[in-house]
């Protein structure tokens, strides 16, 4: 496929479709061009993990023509269902159409292409890795020489994530670390255990998952789903390389919940 690298929305979308083919996307995923635009030329792109009101405000202020996000803005079959479960999206969509801003989503096609999300997390975690292998299309297990306390420090200092939960109650040696980006799910956690992981890093576990984890004696460190935010740096680097005429801006979100320690004033 011949890619045209002139600065237009169509050319950027065509390039991303080629680099992160939808063949690798999960069947349930709704990624792709979620909000089209009649705009021809493209001067600026904003890359974010999610499309929120704050992201939209920056897009409008910065006068971008395209927003690229990791998590789909529309998950449900109809906008009626979407707005019922996430009312804030109706206002955002209306403003996007008014401003003529397009939205393109790269989700599981990105995750599964060379384990992009897991590798981005691993790279930024900063641990020395001696061996690495895939345990499925999205997740990795790596050989390390570290301990639980050092992993926690690496997450807090290098990934900038402070709100952590774990079933671990004391420090221990970690030789095999599983990286399960985002909502890895209990099946991925169990697969990591079968691959002899000493510690599993993942997010968004349900209560029933924790019951299984306790029964199977699996050590887990739960992080915010924001761990996937390194997506924005990767996409910015790729776009800068292939579309140098376009200014690529990134939006970095903060953790939106906190572990309560003590009483508030």
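Note that Cβ sites are derived from N, Cα and C of the backbone, with glycine treated the same way.
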Among 14, 111, 136, 198, indicate the single residue that TrEMBL lists for the divalent metal cation site containing 70, 71, 225, 228.
111
Which one of the binding-site residues (70, 71, 225) has its C-beta surrounded by the most other C-beta atoms within 10 angstroms?
70
